[in-house]
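A short worksheet on the structure shown next.
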Amino acid sequence: MTATDPVANLQTLIRCASVTPAEGGALTALADMLLPLGFKVERMTASEAGTPDIENLYARLGTEGPHLMFAGHTDVVPVGDAASWSHPPFAADIAGGELFGRGAVDMKGGIACFAAAVARHIEKHGPPAGSISFLITGDEEGPAINGTVKLLQWAAERGEQWDASLVGEPTNPDQLGDMIKIGRRGSISGFITVHGVQGHAAYPHLADNPVRSIVKLTEALLDPPFDAGTDNFQPSNLEVTTIDVGNAATNVIPAKATAAFNIRFNDTWTVETLRAEILARLDAAAADQTLRPGREPTKYDITWSDRPSQVFLTRNNALIASLSSAVENVTGHTPKLSTTGGTSDARFIKDYCPVVEFGLVGQTMHMVDERVAVADLETLTEIYETFIQRWFANAEL
């Protein structure tokens, strides 16, 4: 088979039911596209106690620098109610100019287009003056423990070094050419437990209601704002995601209350400085006796998620300029350079080389009837092909 057709590539990948953690044949299908192009393809299985084993793929064309890495994932989220789809989620049907299927935009479409772009570049110009690699995981939509982070470590231990990376996540809100991601906010999650004294609701003086205290502590995290934003990032934002007491009785004051929160933060902070700020706010609120006159300060515990992510911003001018000019050349749109949205595997790649993200329009990702315009697949392939040419030209300067 030839890999120059992004539509055929994507149909092949979608027909592999690779719902995390299942490989579903998707990495094998990708390998079949890359091997005829001259890539050396390797598979790596990552394991960790308490998590499913995950298959990953690393493929490289060339042995010299400069070295461009394309990164992404072939795993997809569950389809939900398959009967609600207008086309079977793994059939890759085309209707009304759109290709339907789970993973169409997130992100088998990006992989299909980059494979086609590389194939076209080789067909027209031969292999690039350097190296291109695919770093593809099967664990991005899941825990992300046995995926990109371990694949990077494995490859680096074998001597792999990269000069730049492009992640093919769907970055465009409305149309191709809208947005390139040049960084990501950091993320911290925490869990607060307030300890009270259980008692009868009619005799509050004999109890200590932790609900009042947990509300006060969470309010201290919400106001005042952590910052007003920076030149490249929107304001840091904390959301309380749950408050629980585990109490079904209306006449019982509970013994404890718990809350969870997540904060997406900008480059005003690091994980360490932000945790210190959160603790300072909680300590001040716990010591405030407004709601608990004459009592000891509120007793609380806090634990942190063991996998926070640091904020990062890519400042590699050659990488950003090569991609921006390629997008503008093909679409006529000047893309916005953005750091909005959630986290991605770029947070791991940033520790090895400069990284940017650009892919399809993300409006239907994770939804019933996930789909992509067939025309967008051709356009994205043209963007990627132009980017490859320009990046290697700029990297040689």
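Just so you know, the numbers here start at 1 and follow the chain as drawn.
Even glycines carry a Cβ here, placed using N, Cα and C.
In Swiss-Prot, the Zn(2+) 2 site is described by Asp106, His366, and among Glu55, Glu64, Glu141, Glu328 the residue recorded at this site is Glu141. For the Zn(2+) 1 site, Swiss-Prot records Asp106, Glu169, and the single candidate of His73, His200, His205 listed with them is His73. With the fewest other C-beta atoms within 10 Å around its C-beta, Glu141 stands out among the binding-site residues Asp106, Glu141, Glu169.
Listed in sequence order, the recorded positions from His73, Asp75, Glu140, Glu169 having a Cα within 10 Å of the Cα of His366 (Zn(2+) 2 binding site) amount to none. Listed in chain order, the residues near the Zn(2+) 1 site other than His73, Asp106, Glu169 are Gly72, Met107, Gly110, Glu140, Glu141, Val167, Gly168, Pro170, Ser344, Gly359, Met365, each with its Cβ within 8 Å of the site Cβ centroid.
What surrounds the Zn(2+) 2 site, by Cβ distance within 8 Å of the Cβ centroid and not counting Asp106, Glu141, His366, is the set Val76, Val77, Gly103, Met107, Met365 from the same chain.
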